[in-house]
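Asks: Have a look at this one.
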Amino acid sequence: MFRQFYLWTCLASGIILGSLFEICLGQYDDDCKLARGGPPATIVAIDEESRNGTILVDNMLIKGTAGGPDPTIELSLKDNVDYWVLMDPVKQMLFLNSTGRVLDRDPPMNIHSIVVQVQCINKKVGTIIYHEVRIVVRDRNDNSPTFKHESYYATVNELTPVGTTIFTGFSGDNGATDIDDGPNGQIEYVIQYNPDDPTSNDTFEIPLMLTGNIVLRKRLNYEDKTRYFVIIQANDRAQNLNERRTTTTTLTVDVLDGDDLGPMFLPCVLVPNTRDCRPLTYQAAIPELRTPEELNPIIVTPPIQAIDQDRNIQPPSDRPGILYSILVGTPEDYPRFFHMHPRTAELSLLEPVNRDFHQKFDLVIKAEQDNGHPLPAFAGLHIEILDENNQSPYFTMPSYQGYILESAPVGATISDSLNLTSPLRIVALDKDIEDTKDPELHLFLNDYTSVFTVTQTGITRYLTLLQPVDREEQQTYTFSITAFDGVQESEPVIVNIQVMDANDNTPTFPEISYDVYVYTDMRPGDSVIQLTAVDADEGSNGEITYEILVGAQGDFIINKTTGLITIAPGVEMIVGRTYALTVQAADNAPPAERRNSICTVYIEVLPPNNQSPPRFPQLMYSLEISEAMRVGAVLLNLQATDREGDSITYAIENGDPQRVFNLSETTGILTLGKALDRESTDRYILIITASDGRPDGTSTATVNIVVTDVNDNAPVFDPYLPRNLSVVEEEANAFVGQVKATDPDAGINGQVHYSLGNFNNLFRITSNGSIYTAVKLNREVRDYYELVVVATDGAVHPRHSTLTLAIKVLDIDDNSPVFTNSTYTVLVEENLPAGTTILQIEAKDVDLGANVSYRIRSPEVKHFFALHPFTGELSLLRSLDYEAFPDQEASITFLVEAFDIYGTMPPGIATVTVIVKDMNDYPPVFSKRIYKGMVAPDAVKGTPITTVYAEDADPPGLPASRVRYRVDDVQFPYPASIFEVEEDSGRVITRVNLNEEPTTIFKLVVVAFDDGEPVMSSSATVKILVLHPGEIPRFTQEEYRPPPVSELATKGTMVGVISAAAINQSIVYSIVSGNEEDTFGINNITGVIYVNGPLDYETRTSYVLRVQADSLEVVLANLRVPSKSNTAKVYIEIQDENNHPPVFQKKFYIGGVSEDARMFTSVLRVKATDKDTGNYSVMAYRLIIPPIKEGKEGFVVETYTGLIKTAMLFHNMRRSYFKFQVIATDDYGKGLSGKADVLVSVVNQLDMQVIVSNVPPTLVEKKIEDLTEILDRYVQEQIPGAKVVVESIGARRHGDAFSLEDYTKCDLTVYAIDPQTNRAIDRNELFKFLDGKLLDINKDFQPYYGEGGRILEIRTPEAVTSIKKRGESLGYTEGALLALAFIIILCCIPAILVVLVSYRQFKVRQAECTKTARIQAALPAAKPAVPAPAPVAAPPPPPPPPPGAHLYEELGDSSILFLLYHFQQSRGNNSVSEDRKHQQVVMPFSSNTIEAHKSAHVDGSLKSNKLKSARKFTFLSDEDDLSAHNPLYKENISQVSTNSDISQRTDFVDPFSPKIQAKSKSLRGPREKIQRLWSQSVSLPRRLMRKVPNRPEIIDLQQWQGTRQKAENENTGICTNKRGSSNPLLTTEEANLTEKEEIRQGETLMIEGTEQLKSLSSDSSFCFPRPHFSFSTLPTVSRTVELKSEPNVISSPAECSLELSPSRPCVLHSSLSRRETPICMLPIETERNIFENFAHPPNISPSACPLPPPPPISPPSPPPAPAPLAPPPDISPFSLFCPPPSPPSIPLPLPPPTFFPLSVSTSGPPTPPLLPPFPTPLPPPPPSIPCPPPPSASFLSTECVCITGVKCTTNLMPAEKIKSSMTQLSTTTVCKTDPQREPKGILRHVKNLAELEKSVANMYSQIEKNYLRTNVSELQTMCPSEVTNMEITSEQNKGSLNNIVEGTEKQSHSQSTSL
């Protein structure tokens, strides 16, 4: 005590002195310190370019005064670089100093921050403090981005898929830069609209604006556009959009031509508005029965040619070629006759065609690229087989009549009718050709070739106009047409063309004006004048209508048809009046074409004339008559009228001198008097007079007669023109001569047309009779022609005449000399003498008078040869030497010419090749004259001895230089019989198996000869020595097989040793074969074979070497003597090593798994290969997976198959992905390893598409790998690296809700994984990728689907469709409201949780503080402990209640019972106040309860008049002390218990058993004769809750028995101890209590029930309603019994019946319901502490039957800390019954730690302990071992009920047996402790809790000893058998409670303070 006092005194003194020192210095230490909190540095921010004087810091807040009369601090700036900062020390302000400069954060200044130190000097104490000020310069967006280049350029192929990045030129430093910082300096790229190139921004896009990578947005087409100008805008990312700065550049994108178009046949005529060519058909015609040599190549019109439409593919070397072929054709046997060259498209005839069998061939030709492009072009080829030309052409009509409008333009087609509706069709056929085929005739016009022409193709020909025609000039054209087929001509056919009139002429009056006189006596209707206008047109165009326009004044009218002007009706002429009439003459053409003219008629009115002459009706008469008209025909009736009625006499006054016409004098009838001849006179103008006999009574009329022609004359040739003509050959269109014929007929009858009667193909004649050559004539073919010229008139029935002309063809020098052979080849032997003639050449010239001469054209050979100029003889100028020519074939090729000396044509040329024949100049020459060799005497046949060699000097490659060998068997016959030489190699070998004598020498003559002419040879001698057998080494074995050699063996590694022996010979070893690659070497001396080169098992697995051993003498002689003995074979096997690691087929595997996949679903299969063999190629796969939640491994892999499967469920994990590695290790997992990455993405049907095809699922499943590769390719066109994964293959589902299945079709469900995002590609995107390429995919699928197989559609899965339908049924408004509500709820839930948790924590802390304060205030003062006195008869009266007596309700019944026991134990010698210190250690919160019970009545009611609190109370298990109501308080219940409440307890105990009565008597001693009983319900039905007492009561045994009897009478369901009895409580309803209320009531109920049971009887059976468990007897009980449950069995709430017999172990076996509702009534022994056997799980806890604890031999060590607790299960009241026995099914779990030395603990969470639990966790429990049966013990059979929340007690047993049982159980049972929860409430603040628990455990042991010692006598009296079991030896009663409590107090003396 003194030491403590001293320490406390020293500590207090130090504290006081330090405080005084601090107070003294505090006022000065604060100066220079910051008056603010927070970080020591001052950080401010300022914008760049801020103005000078900007305040940086308005107050530094440094303590102290820097100005004034008495400053305490001094401020200054340090480290002020460039003096950017100024300071006002008085105001402690900092300013920006930017005088003459600008604060710029950007380059080149790069001022990002300014750091200065404010130095503060404390003037009082002299200390210096530096305060750092950091000025951060904020960036302003004052700089615009700048591009590194003015423009950028990119090229992209037109075949580039959409989505491809085509330009990355802005990456790095190549793009735009902005020297601003942060967002102001970050660049975004966007594409702007380019008005000059509007499509550029639609074609390209920048999806990632920060990178600027340009991506193709639309497909390109080189044929549409080849260049784009894309405007790229770069802008910074300033937060204010209005402040962003931009700049632009232009990216020029050139589109490269790609191979996207196929070939195209030429000529191509495009279909309008498309790029497609019209169908093209090529034409060809071949005559029948012609040989291929005559026709090949066949001429096709137009020539077959195809070009690639992609004409600008770069580089040109990549441009594909065109391949031509005949695809199909009819007839089917066309391949017999035709072949098309694949490169040139040249059509060839294979064999003659007979037209009787084949009239035509229709072929389809194909042009395709030679690179396999899938777009070929097709065209037709029509081949006509022509008949043999033995028939002349003919016309289908004898003549043709055509019509043409005279106004028709040039090129108009002649019509066949007057209405001009259809053209004139001229059909010419050839009998050699079918009528339906074009005979390809040439049609010629014999006349008017300058006016008309005829089309030259087709069966039907048409005449067209070459120049305008005029009907008025020539009304008809008549000519003939002749058809010519190349050999024969047709008969000419006459064509008559009539020119139809057009209104091209205007009516014309003869005079412009007329003067006429009229008389006053003329009457209306009298004629004034008849006007006549003339119009040369015909028909209505020539019909004239007359009209008076003006001037008539209504007095005159005109006849519209005749033009006769008469006096109008009712008009009288007035003398002197004059009229000027304007008369119009107009034709009757359509109004738009009508023509007219006018004239003026002047009329004067005169007085009347009474003697007027006769008058004709008209003054002019016109008529036409044919010259063939008969004589006497009436032509005209001329009738004149005389006003006076006088007779009139008619006469022809003029115009008919020949008297051709007759005129009747009286009648005026004009008739024909003579025959007409139009050729002599074609017009007559007759003047006819009419006279009445008076002199002035004569008038005249004019008759105009035109004589029309008839064809009565044939054309007549001019006899004076020459008929012998000549023409020069080789001139086309050369003038030959002219003929002329005349026809006196008029019109067409007199028009003469010329034509040729023959040779129309060679000559032509014009319309004027000029004859020209139609083609070039060749005199050499024909030099004379008789040409027939035909002259025909143009009548309908024409007349014609002929003329024969003699035409001679004149020769010109138009042919060159032609050699008889174009090539001459001559073989000349070398060394022929000069002047030898070696060749005669000849040439001919077909021209007349030609003189041919010869000469050598090649000057380089003129020194070898001479050519005679006239004879053509070729001779040598010198001899030729074959060896002088460098080529293998010595030849000279040159040109010779033949020319006409007097001609002008170029010379003829021929090629002469002179081949020099080698004449074998040199013989072979041996390299040696004598060769030596050695041979073994027993050498076998074929043993090589030596090799001879000869060389020939003749040029190599010629027969003269080929050297061969043979043996000369003439000189040495015997050696020649046993030896031979190989003909080509010269190797001398044995011919037979030798058996010769050693040392024999043979001579062999070898001859070398060549194959030249003549054959030349030479010889050499070979000396062969037969060796002695002893001189030939001999191998010890014929074959050597060394151990296998590792392929990793290094160079020099020994393989094996070979050994040979010889007599007195040094042996040399060598490898003679099998070592071509020099892989092995051999030591020539030792015979060690070693590795000389790299080995590779994978390349070669074994070698066979042939080794030879020779003597050194033989080797030095450069010889070898092979024999049977000195050669051997070495077989070397190569051993494979693990030198190649496994290699995966892919470096990156992509797979997917559906989120509803089951466990161990296959995901994908990986495969690795290894070049090694055997075990080294056997893989073992394993996965390296990063940690997954809850320690699960998501995937597993089959070790030897590589099949990856799922190892977990993936519910609700869509869009998750897993990345891990798969390792393949060869040699079954012990060798080298390779790895690959695996990506598995979790998907569901929202990511999938269904590909529906019309093939069965079985077929798709067989081809699924190939089909998946095709789908991969198309998806990867859009997303590189993407992988298509097949989810399922099944029958097609269709119909409503997809309920029908069609197994003839297939549903292929797929999805795709994007390796960039590691997730599934959006379902809609996948649909676009596949549906857009559906046609191409079908083409690729065709080889696998078969004929007709294809994809029908791509649709969404049925699950997605149903979701869509449900989603569509929800309106947009409702959906939006729901979404809004959902968002609000999500936002509110966290806030509510935060509030609840905060409030909960606040209430917990508040309750703990309140409880702690109350406990500390209520604890009495402690007194020293004294030994316990002997028991007394009755307890002394209790003292007055302390101030804390109201804690009774707050601490609860369990605390009261516990403290009451300690109160009674200590009343003998020590008062409660004296034991306060010890009780404070044992249970600090129980002192108030003890004092409260000191003032209690004997019946248990409190003497305090204070109202008992109904406030909420707290157990240690509670997390919220305000969460439960005090169950001991009930309103309107008396303070003192009455007997009326006894009936409420009769349901729970059975005190009438003998054991219970005996026990109750023994327990009623002098100290206490009353038992206290509390009852509390846990989750009871409402019916039973009324019977549960709410207040603590004290009743005696008789009251209890009476209450029980009453309950029995009411049949309240007391359960007997018989197993299997029914319990009425099982049918009751369950009360609605919260879990916490259930737990709290259960805790109280268990404590009360256990006390009552123990007070009634410790050896009787007692049964309560309880959960359904299986029970059996426990083995010998140790301190703890492990209770371990199966995974499906909750081991917390359990009860077991313990019999003290080894045959019934107590185990747990139950499945529990939601709630626990046990009802427990236990008698409570007031004289005994039964609480040491209790543990208190928080929610549910099974109990085991504990035994009384033995006294501890030594203080126990601290028990292990509890592990975390499991959540409690629920217990249903319907699972309760009295426990039947059953064998244990599971090991017992380890109970939680308890403070009692001996207990049967429970598993599961503990209930609140009476003392604090251990705060530290338990170590891992040892493995559980089943408990074997213990040794037999004579225990009394006692049944105990284990009730939830408590531990059952049982009868005491002898200490020896207890000890033995403990020992046995501890050695045979390994107990496992279930985790406990951490301490709650005030126990969390208890320090040294482990030591405290240890001390309390010792204290309980001492208390138990004292109790047993005082009650053993009574127990022996009342229950001897029990007393025997309850004896305890005196050795166990060691130790003192006071000592234990004192030691505990020293260890935790400050616990109350801490609390």
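Cβ coordinates come from backbone N, Cα and C, glycine included.
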Asks: If you check Swiss-Prot, which of Asn201, Asn610 turns up marked as N-linked glycosylation site?
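Replies: Annotation hit in Swiss-Prot: Asn201.
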Asks: Between Cys24, Cys32, which residue forms the disulfide that Swiss-Prot gives for Cys120?
Replies: Cys32
Asks: Labelled region 'Disordered' by Swiss-Prot, one stretch among 523-543, 1426-1446, 1489-1509, 1636-1656. Can you tell me which?
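Replies: Of 523-543, 1426-1446, 1489-1509, 1636-1656, Swiss-Prot gives region 'Disordered' for 1426-1446.
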Asks: Among 469-490, 1723-1744, 1745-1766, indicate the range for which Swiss-Prot gives the feature region 'Disordered'.
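Replies: Matching range for region 'Disordered': 1745-1766.
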Asks: Look up Asn390, Asn768 in Swiss-Prot and give me whichever carries the note N-linked glycosylation site.
Replies: Asn768
Asks: Of the residues Asn419, Asn1469, Asn1632, which is given the N-linked glycosylation site tag by Swiss-Prot?
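Replies: Record lookup, Swiss-Prot, feature N-linked glycosylation site, residue Asn419.
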Asks: So, does the domain 'Cadherin 10' (1037-1144) come close enough to the domain 'Cadherin 4' (396-509) to give 3+ Cβ pairs below 8 Å, pairs being at least 6 apart in sequence?
Replies: no
Asks: May I ask you to report the DSSP-based helix, strand or coil state of Cys120 (disulfide bond)?
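Replies: In the DSSP reduction, Cys120 (disulfide bond) maps to strand.
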Asks: Have a look around Cys32 (disulfide bond) and count the other CB atoms within 10 A of its CB, chains all included.
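Replies: So the number of other Cβ atoms within 10 Å of Cys32 (disulfide bond) is 26.
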Asks: 10 Å Cβ neighbour count around Cys120 (disulfide bond)?
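Replies: Excluding its own Cβ, the number within 10 Å is 25.
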Asks: By DSSP assignment, list the helix, strand and coil residue numbers for the domain 'Cadherin 7' (719-819), in that order.
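Replies: Its residues divide into 4 helix, 46 strand, 51 coil.
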Asks: Mean pLDDT for the domain 'Cadherin 4' (396-509), as a whole number?
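Replies: Here the predicted model's pLDDT, averaged over the domain 'Cadherin 4' (396-509), is 89.
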Asks: For a three-state summary based on DSSP, what are the helix, strand and coil counts in the domain 'Cadherin 2' (148-265)?
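Replies: Final tally across the stretch: 11 helix, 47 strand, 60 coil.
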